[in-house]
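Swiss-Prot has this to say about the protein:
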- C375: active site, cysteine persulfide intermediate (ACT_SITE)
- A121, T122, Q229, S249, H251, T289: pyridoxal 5'-phosphate binding site (BINDING)
- C375: Zn(2+) binding site (BINDING)
- C375: [2Fe-2S] cluster binding site (BINDING)
- K252: N6-(pyridoxal phosphate)lysine (MOD_RES)
- C375: cysteine persulfide (MOD_RES)
Amino acid sequence: MLLRVAWRRASLAATSVALRRSSVPTRGLRLRVVDHAPHSAVPSEAEAVLRPLYMDVRATTPLDPRVLDAMLPYLVNYYGNPHSRTHAYGWESEAAMERARQQVASLIGADPREIIFTSGATESNNIAIKGVARFYRSRKKHLVTTQTEHKCVLDSCRSLEAEGFRVTYLPVQKSGIIDLKELEAAIQPDTSLVSVMTVNNEIGVKQPIAEIGQICSSRKLYFHTDAAQAVGKIPLDVNDMKIDLMSISGHKLYGPKGVGAIYIRRRPRVRVEALQSGGGQERGMRSGTVPTPLVVGLGAACELAQQEMEYDHKRISKLAERLIQKIMKNLPDVVMNGDPKQHYPGCINLSFAYVEGESLLMALKDVALSSGSACTSASLEPSYVLRAIGTDEDLAHSSIRFGIGRFTTEEEVDYTVQKCIHHVKRLREMSPLWEMVQDGIDLKSIKWTQH
């Protein structure tokens, strides 16, 4: 633990000189920017200093410098194709690839032969859902998922519906957690797959994965979980939890973008129809040359996560508690979305009544935040996840997601809280609805008319 603290302090010290001129607090992780051409896409040092601090780690995490160190040799010196079997260049890359496979497997309690490398969680989800459904389509045409899944899961299910499959979209309770009795009732004789995410990407709610796995196992059907937001953050064991397929994303656990993995159980064997044709790499499940530097980075990220999970979780929990308590203490009419107990602390979703979320995001220009999933945040529609848990439209529009991660500092949390409190108060002062509430008017009693 002392080594970890020392490493992080050294990381902060190395960047403090460049940041002294900035009013924004020192970030937990900042890369040194070298000189570059005038028209380069790389930001200048001045631009880098003025960048907002990062509080959106649920969208993506910064690359851990130790992961980059592991990747660099395979970007520069060991560039062989891992599928070339006739010379040392291929053997070196293949050995690195298999070591990475072992590192990923170890993190989730799997056999390395059950790990298939992909381009990320979206591809893994597509392989799991479409692959299982299509393989068993001759006798099983029904799937079960939830209304709060990631968009790529929901869109995969809708795609299968267009092919003639039936899909049950389970509602969730106000807490964001599914009712296990409703799950059991939804299972039909021809159900092939149940897909429920481990940790929700917008509200951080943890589903009862072990209980779901037990239900699926007893009913002899396959269980898939999108664990992109959970792997490396909370303990997961695919055997204890009876998980048959699991999706993993590299850039959600301080690894590189463009790489992920899917766990597919071997015993009893889960049969999956491959989505693409080619050279038959990855046991025929995912044809195409495996990018050695990226999978090495994924493996290193998984190994670090396994070593530091407990430390990170305790530290993130304290920072999350600090953020929530300070905001709740200083601002009335703030609602935390999702179950506060069955919840991953690094994902905090708060609704600020009588404030438009987009206006608050624009005001908080010194802090990188989001109003929900990065995959759907461009939409002006309220979050479908918040609608699914019964949040009214006004509160859904006023939600902000705060992401706390490995490199988030106490100073950053305090700065974010300070700015948030200031701008919420300022925006509320401009709100006629807030003024009416302060005058004791019950907004629900008002009958609004359209002009």
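Numbering starts at 1 and runs along the chain as displayed.
Yeah, the Cβs are placed from backbone N, Cα and C, and that goes for glycine too.
Between K252 (N6-(pyridoxal phosphate)lysine) and A121 (pyridoxal 5'-phosphate binding site), the C-alpha separation comes to 10 Å. Listed recorded positions: H251, K252. The one with the lowest count of other Cβ atoms within 10 Å of its Cβ is H251. Sequence-distant neighbours of T122 (pyridoxal 5'-phosphate binding site) (same chain, 6+ apart, CB under 8 A from its CB) are C152.
Applying an 8 A CB threshold to same-chain residues 6+ apart, the list for A121 (pyridoxal 5'-phosphate binding site) reads H150, C152, D226, A228, S247, I248, S249, K252, G260. DSSP assigns Q229 (pyridoxal 5'-phosphate binding site) to coil, not to a helix or a strand. Local packing around the binding-site residues Q229, T289 was summarised as the count of other Cβ atoms within 10 Å of each Cβ; on this measure the leading residue is Q229. Our reading of the pyridoxal 5'-phosphate binding annotation (A121, T122, Q229, S249, H251, T289) yields a largest Cα to Cα distance of 26 angstrom. When Cβ atoms from all protein chains are considered, those within 10 Å of S249 (pyridoxal 5'-phosphate binding site) total 28, not counting its own.
In the three-state DSSP reading, T289 (pyridoxal 5'-phosphate binding site) counts as coil. DSSP classifies S249 (pyridoxal 5'-phosphate binding site) as strand under the three-state reduction.
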